[in-house]
Amino acid sequence: MKDLINFLKRQTQSEEFDAIRISLASPDMIRSWSYGEVKKPETINYRTFKPERDGLFCAKIFGPVSDYECLCGKYKRLKHRGVICEKCGVEVTLSKVRRERMGHIELASPVAHIWFLKSLPSRIALLLDMQLREIERVLYFESYVVIDPGMTPLTRGQLLGEEEYQKLVEQYDDEFTAKMGAEAIRELLRTMDLHAEVVQLREEINGTNSETKIKKYTKRLKAIESMLASNNRPEWMILTVLPVLPPDLRPLVPLDGGRFATSDLNDLYRRVINRNNRLKRLLDLNAPDIIVRNEKRMLQESVDALLDNGRRGRAITGSNKRPLKSLADMIKGKQGRFRQNLLGKRVDYSGRSVIVVGPTLRLHQCGLPKKMALELFKPFIFSKLQFRGLATTIKAAKKMVEREAPEVWDILDEVIREHPVMLNRAPTLHRLGIQAFEPILIEGKAIQLHPLVCTAFNADFDGDQMAVHVPLSLEAQLEARSLMMATNNILSPANGEPIINPTQDVVMGLYYMSRERLFAKGEGMTFASVDEAEQAFLNGAVDLHAKVVVRVREVVVGEGGERTESIKRVQTTVGRALIWNIVPEGIPFEMVNVDMTKKAISRLINHAYRTLGIKASVIFADQLMYLGFSHATRAGVSFGVEDMEIPVRKDEIIQAAEREVKEIQNQFASGLVTDGERYNKVVDIWSHANDQVAKVMMEGLGVDEVTVGNGETIKQKSFNSIFMMADSGARGSAAQIRQLAGMRGLMAKPDGSIIETPITANFREGLTVLQYFISTHGARKGLADTALKTANSGYLTRRLVDVAQDLVITEDDCGTTDGLQMAPLIEGGDVVEPLAERVLGRVLAEHAVDPASGDVLLEAGSMLDERAVQLLEQHGVDNVRVRSVITCKTRYGVCASCYGRDLGRGHKVNIGEAIGVIAAQSIGEPGTQLTMRTFHIGGAASRSAAISNVEVKSSGQIRLTNLKTVVNRDNALVAVSRSGEISVIDEHGRERERYKIPYGAVLSVREGGAVKAGQIVVNWDPHTHPVISEVRGRAKLIDFVEGVTVREQSDEMTGLSSMVVIDPKQRGGAGKELRPLVKLVDEEGNDIFIPSTEITAQYFLPAGAIIGIRDGDLVEVGDVLARIPQESSKTRDITGGLPRVADLFEARKTKDPAILAEATGTVSFGKETKGKRRLIITDASGEQHEVMVPKWRNITVFEGEHVEQGETIAEGELTPHDILRLRGTAELASYLVKEIQDVYRLQGVKINDKHIEVIIRQMLRKVEITDPGDSSFLRGEQVDRSRLLEENDRLEEEGKVPACYEPVLLGITKASLSTESFISAASFQETTRVLTEAAIRGSTDRLQGLKENVIVGRLIPAGTGLAYHTERRERAKLGEVTEPETPIIDTAEVEEALKQAFSL
């Protein structure tokens, strides 16, 4: 008997595998899968409902309809299993074989597989080197194709029309073969000699210099080589046998009323079979050619529709006018097999309900309605009931549960204890969207949720619903408890800050408690302990806000974790003393002795977590919440209309603004300003007025005046309810209060442009009809935007997850010394993000050295925690090199040292952590908070562009970096480089501010000079661009022809005259060739060279340049030879928000990108063409690099100027590809991180840099081969970095030449599609193309990523699954076989075993 059970079990076991391979199926392969040929289009007999023989549901081919029963009913029961009935031919077995047995159709004429024909680039066309159009003409019987030209002048693969073919047949008779249809193409493919083609293509590639030809040949070569490597034959792309899907995968279901619901595939198969049978008949009848041809074409079309309906021509529709769902549609798209059934499955043991607040819960608990719990834990209850002997059978137990007997509730309590459940709120944007809690049984039907986890779930209680899931197995419960419990997810994985921050009511309550009020009851009292103060408060002897002195016991945790205890008297308030009562030991009193705003509370919890650990901080957070709720209730903070105090000065501010606007209108009317300028100025004036009103209003709201006994008034912080809500961070913001009590301000039109008439009213005064109408614009756009934003943000997250899903921490340390240089982020002189924040939780790549003494502060390889970061700050270190994922040398995955701290846990990252997915979630989750609009630079932005000096904000020493200067005749420094920067260093050697220095700026300080705050250190003219002489000599003006190339103009104000270069377009025929230039010569008239170069000092002058010197003037170093007026740079719309982030991650090329210098060297200009200028850079070795720049582009460099590789030479937006090519990976990383962070920072979202770096690593995982060496790669081919490095290692071991390469940047979509895993790529996008390509290449998926493993139904190789996979591999290596494999036993043996078992 045991034998039999094992035998039955073994059939269900699947063997373990390590990889999946996909390739083309040969006709013989298809026949070997098949259990018989489907010859008839019939499905089932409509009288008997039995499948027709040889039809699409035939039981003989596909297996019995019901278990162990043949169709005619002669054999029934298990004992006949394996018998084939001689009457109906059906094998007696399980009916589920109808899900796996395939059939086939022998096609009367070959048919091309549409995927290999139409999926671009067409594989068939590529192999045959013909055009897709030509091949289609052959396939659909429009022309003949020559297969074997014989001795005729024709060529193989040539197309012939009908008439042409007839003529040639008359002329040459049967010396040549030409055919039409799929047979012809199949013949061409079959007779190809792939090896010979490869040899010929390689020769042609080596023999040509044309880039396009090389590209074309390489494409073909790749295709043919992949065919050879995968043992696929080209002719298999043409089908001669068509496989038929098992019938239970295309079911036919009887509905009531005698009708049937059927899968579309059955219709499509029926069509194919009908046409195929008709074609067979016609061929037997020797029908006329034209009829046969038409039938063949129809067969081809019907097979096309079956494989991919609508790919060619019109889609075949069913009776309901809808296109039929073909095999391709089954697997692609959101509703396809991959995304609907393999990546997302429905699960059992789950329920969902509305959530309500559970203010009395502890952080690790949730309230679960009894009804739900009873249903969810049913199996556990049944087994317990049986175990206790309260029910004898499962059926009896079921009855008891349905009756809801009292014993059932007791057992439910027992089952639920210590059994966590998981709560999930859709949309699950990051891993904190699913957390585990211990259920507490409650009455009612709503789930109770702990208020502190609302932030993580992004939940509120206005009708949100949540789902409950029960982890069944012991392992699942263990994981839920140790990894997913709410108490283990205190920190946000995106930025490492606490995410269980109190919000709203709790903040309000704590803030209200901690405020001080002057002259409150009991002010100045002194208490011996906090308890005494509490007693006094409860008895009404002292007010909550009274300033009092309390004696407190404070325990502080020191550097090494040692605790120091002290007792001191502190000046505080009663409320703060009450808060101190619940604060755990180890937190200093001054953290509590402040107004408890949301930020202060967050700092408190963060500090508790870092110093006291998880347990203490969780208990503390809960206590804070209870306290906050109770005091918010007692405070009774609420507001009425009177609380929105409108500032007195509002009217005068508005009138002043209106006067200014009128003034501008007048200027415009008299033609002094353009309409654009007028509009910008008006918008500017109003936004300024708005800010003023807001400021005045907040000053009014935020201050109360208290009258002292002697009649004086003292100001104190206001207790206005609205102000308190905003100030505490509980609800609302200054901007919202401004609309309530200030003025609503400027509104935007739906296209994003600003309406220049603002809404001067506020909501308290009420809006006029016109103002209300204007404001509807903005409101409606806001709603439409939100809908779009959600979809776009979700799509961005999906792409990010897909590109990063296979990145896992795989080892502890890769041992690299490489890393990224980190410095504080400084913008416009202000520190945006200090170094401490940027490097926290990273590992040092080099020693951190004290800039003053040169001592090593921290060793390389040490983790920078909060203490280490403080140390760096104290010693004024402003530049450290830290390890980064981008520079990590681990082949597959990343090492823990390059990643650093796991932000969600606060310690070094564990091996097996899926950092890719976490990074994608961290970047994608705040996506919905980003804006969608593009910003129009108006008013303020365009004005601020005209800065003309640098005024330092702090005192210190000057440091110049990267700056090339010359000394002019006034003994001042003049900058002659563009990438120079000036920074101010304080006495500790810390960098305080940093500014860019433009070309031609005059510096009034030197390196190391001391400056005072407010001193102006650099000046320049923002409106013109100077040309500065770097040598001394006499000026010689060449090609200066008055009235032709230059014209004299005098300044009305000063009366000085100067010459202006005329635009070549406006010159006569004679002047077109002339090019005005200034040349410097010595006294003898010889050329002078620019120092340390071979280039003569001559400066070509562009159109519009103003020349202030005359021929023969003496020119000193640093003199200005000419000025080029800068039209203020054209205001481009800057893309902001979500679209900007998407553009950066997709690495899109911008429309008019900046042009960067290709090499380091000296600039000169060559011969101009009609619309472009030729810019030449001569490097140190004398090699010339040419760039053609359109004339309208603003070129920022001059003749003779020295540029560094990667420096901007024509303005525009930088393209990441250029940065990578010319400045390297580190620069690219810092550019992308900065740009992406700018967008998020604007919305106040904090994301750690390392998440962005993770995605960038994935964008950089491909390299382009520049020189294949002895490898099998081709020049220009893109391959995975890890594959290339492995290949190079192999070549080096064999002593051959390794391949040379350079990194390429791919956008996230492209990177996802070009991963090594075809399963992952196919489930992402463009399923057809990915699968087609993979099949031809015979790709093998090694199942390394997470997605592939989910799809094949295994544990993911990350987290706890990593151990499982490692163990499995070890087992396989040791050669342990889990089950002894025995061959399938034949039927006689089975019968014997059965007889023995049942002793028949």
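Each Cβ is built from the backbone N, Cα and C atoms, and glycine gets one as well.
Look at Swiss-Prot and you will find CYS70, CYS72, CYS85, CYS88 tagged as Zn(2+) 1 binding site. The feature Mg(2+) binding site is assigned by Swiss-Prot to ASP460, ASP462, ASP464. Annotated Zn(2+) 2 binding site per Swiss-Prot: CYS814, CYS888, CYS895, CYS898, in sequence order, evidence recorded as sequence analysis.
The Cα atom of CYS85 (Zn(2+) 1 binding site) lies nearest to that of ASP464, taking the binding-site residues ASP460, ASP464, CYS888, CYS895, CYS898 as the candidates. Note: the Mg(2+) site is recorded as ASP460, ASP462, ASP464; in the same chain, ILE355, ALA459, PHE461, GLY463 also have Cβ atoms within 8 Å of that site's Cβ centroid. Recorded residues CYS88 (Zn(2+) 1 binding site) and CYS898 (Zn(2+) 2 binding site) have their alpha carbons 68 Å apart, per Cα-Cα distance.
Same-chain neighbours of the Zn(2+) 1 site beyond CYS70, CYS72, CYS85, CYS88, judged by a C-beta within 8 angstroms of the site's C-beta center, are, in sequence order, ALA59, LEU71, GLY73, LYS74, TYR75, GLU86, LYS87, GLY89, VAL90. Taking only the Cα positions, the spacing between CYS814 (Zn(2+) 2 binding site) and ASP460 (Mg(2+) binding site) is 45 angstrom. Around the Cβ of CYS888 (Zn(2+) 2 binding site), the number of neighbouring Cβ atoms within 10 Å comes to 24.
Here the binding-site residues are CYS72, CYS814, CYS895, and the one ringed by the most other CB atoms within 10 angstroms is CYS895.
In this structure, CYS895 (Zn(2+) 2 binding site) is part of a beta strand by DSSP. For the binding-site residues shown (CYS85, CYS898), fewest C-beta neighbours within 10 angstroms: CYS85. The separation of CYS898 (Zn(2+) 2 binding site) from ASP460 (Mg(2+) binding site), Cα to Cα, is 38 Å.
Of all the binding-site residues listed (ASP460, ASP462, ASP464), ASP462 has the fewest other CB atoms within 10 A of its CB.
Reported as a whole number, the C-alpha separation between CYS888 (Zn(2+) 2 binding site) and ASP464 (Mg(2+) binding site) equals 43 Å. Among the binding-site residues CYS70, CYS72, ASP462, ASP464, none has a Cα sitting within 10 Å of the Cα of CYS898 (Zn(2+) 2 binding site). Within 10 Å of its Cβ, the residue among the binding-site residues CYS70, CYS88 with the fewest other Cβ atoms is CYS88. ASP464 (Mg(2+) binding site) falls outside any helix or strand according to DSSP and counts as coil. Nearest Cα neighbour of CYS72 (Zn(2+) 1 binding site) among the listed binding-site residues (ASP462, ASP464, CYS895): ASP464. Counting in whole angstrom, ASP464 (Mg(2+) binding site) lies 54 from CYS70 (Zn(2+) 1 binding site) by their C-alpha atoms. Here the Cα atom of CYS895 (Zn(2+) 2 binding site) is found 44 Å from that of ASP462 (Mg(2+) binding site).
CYS70 (Zn(2+) 1 binding site) sits 59 Å from ASP462 (Mg(2+) binding site), taking the C-alpha atoms as the reference points. In sequence order, GLU811, ASP813, THR816, ARG883, VAL885, THR887, LYS889, THR890, VAL894, ALA896, SER897, TYR899 are the residues of the same chain, not among CYS814, CYS888, CYS895, CYS898, whose CB sits within 8 A of the CB centroid for the Zn(2+) 2 site. For the recorded site, CYS72 (Zn(2+) 1 binding site), the DSSP three-state label reads coil.
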